[in-house]
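Participant: What TrEMBL lists as domain 'Gcp-like' is 29-300. Marked as divalent metal cation binding site by TrEMBL: HIS109, HIS113, TYR130, ASP294. The annotation substrate binding site is assigned in TrEMBL to TYR130, VAL131, SER132, GLY133, GLY134, ASP162, GLY177, GLU181, ASN266.
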Amino acid sequence: MTVVIGFEGSANKIGVGIIRDGEVLSNPRRTYITPPGQGFLPGETAKHHRSVILTVLQEALDEAGLKSADIDCVAYTKGPGMGAPLVTVAVVARTVAQLWGKPLLGVNHCIGHIEMGRLITNAQNPTVLYVSGGNTQVIAYSERRYRIFGETIDIAVGNCLDRFARVIKISNDPSPGYNIEQMAKKGTKFIELPYTVKGMDVSFSGILSYIEDAAHKMLSTSQCTPEDLCFSLQETLFAMLVEITERAMAHCGSQEVLIVGGVGCNLRLQEMMGVMCKERGARIFATDESFCIDNGAMIAQAGWEMFRSGHITELSDSWITQRYRTDEVEVTWRD
């Protein structure tokens, strides 16, 4: 049996997970939370990760009931993500691999999400919608690559939601997107916002600028409530995502959709995608927050797949990269 430990820390989550042949043995994590109206800066986020990563590592080992001798491979997030947090995690993973005398593997963050989603849901060959704070992509597997069929041309959908949360001072605990989702359930008035789909790609920066301006004007004159704005923003963004996902499904002849990434926890997004899939006679797959949101087990799972198919990262190549495209990785573990 192959046991892989995975370190994830590309943004404001720091997690360590352990996978043994498709079984999640442990998956603890911590989240760096800033005050309402503020985002998280790379330096401060890295400082947070440094302060807790060894504690989380010990938790992962204790929870799994394993010792260092039981680990076969150490995997870490190579990118994409924020530079300082990525470096923090890479340094710890490199150190642990050398101390324990174990092989090292640099993992693409997005592929970690995809492989974790496939493991948990048993989706066979889905069209993947990857939606998070840093990424928005529609992906499908073809000829040993995860091909990007469509993506954001500016900011990610999660970043759009997070930045709007700052505008109206929504709490970051447990996350801005979660709190927007709860407020949106109470919205009753739909405010029309720009809808920007360009072929297979989407754009969110214009919507953000528009709703930032509208929020100040409409809230000050009581034309709508913050809940109405959250509802309207969610509906517009998610309709765009469903449209480009359906287009990719039609192109690929796919009958499965897998939603991954932090925004993928949103039940309204899952509901809207489910309606589209039902109309097409297709199936939707999604996971809960324990696996949707950045976590160490997803890096361990992708590392497990890679390690079993012969991948190893030499110490001299174990750098990080903030821009690491999903389709740069040769997928040798799938037919």
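The backbone N, Cα and C atoms fix where each Cβ goes, glycine too.
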Participant: Given the binding-site residues GLY134, GLY177, which one's Cβ is surrounded by the fewest other Cβ atoms within 10 Å?
Facilitator: GLY134
Participant: I need the CA-to-CA distance for SER132 (substrate binding site) versus HIS109 (divalent metal cation binding site), whole Å please.
Facilitator: 11
Participant: Just report the maximum Cα pair distance in Å for the recorded substrate binders TYR130, VAL131, SER132, GLY133, GLY134, ASP162, GLY177, GLU181, ASN266, no decimals.
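Facilitator: Maximum Cα-Cα distance: 18 Å.
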Participant: Mean pLDDT over the domain 'Gcp-like' (29-300): what is the value?
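Facilitator: A mean pLDDT of 97 is what the predicted model shows over the domain 'Gcp-like' (29-300).
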Participant: Counting every protein chain present, what is the number of Cβ atoms, excluding its own, within 10 Å of the Cβ of HIS109 (divalent metal cation binding site)?
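Facilitator: Around the Cβ of HIS109 (divalent metal cation binding site), 26 other Cβ atoms lie within 10 Å.
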Participant: Which number gives the other C-beta atoms within 10 angstroms of the C-beta of SER132 (substrate binding site), all protein chains shown included?
Facilitator: 25
Participant: Rounded to the nearest angstrom, how far is the Cα of ASP294 (divalent metal cation binding site) from the Cα of GLY177 (substrate binding site)?
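Facilitator: That comes out at 14 Å between the alpha carbons.
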Participant: Sort out for me which one of HIS113, TYR130 has the most neighbouring CB atoms within 10 A, since those are the binding-site residues we care about.
Facilitator: HIS113
Participant: Inside 10 Å of the Cβ of ASP294 (divalent metal cation binding site), count up the other Cβ atoms and send me the figure.
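Facilitator: There are 27 such Cβ atoms around ASP294 (divalent metal cation binding site).
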Participant: Given ASN266 (substrate binding site) and HIS109 (divalent metal cation binding site), what distance in Å do their CA atoms have, once rounded to a whole number?
Facilitator: 20
Participant: What is the number of other Cβ atoms found within 10 Å of the Cβ of ASN266 (substrate binding site)?
Facilitator: 27
Participant: Would you mind reading off the Cα separation of HIS109 (divalent metal cation binding site) from GLY134 (substrate binding site), to the nearest angstrom?
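Facilitator: Per the Cα atoms, HIS109 (divalent metal cation binding site) and GLY134 (substrate binding site) stand 11 Å apart.
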Participant: Just to verify a number: CA distance, ASP294 (divalent metal cation binding site) to GLY134 (substrate binding site), in angstrom, no decimals.
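Facilitator: ASP294 (divalent metal cation binding site) and GLY134 (substrate binding site) have their Cα atoms 11 Å apart.
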Participant: Calculate the distance in Å between the alpha carbons (Cα) of HIS113 (divalent metal cation binding site) and GLY134 (substrate binding site), and round it to a whole number.
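Facilitator: For HIS113 (divalent metal cation binding site) versus GLY134 (substrate binding site), the Cα atoms are 13 Å apart.
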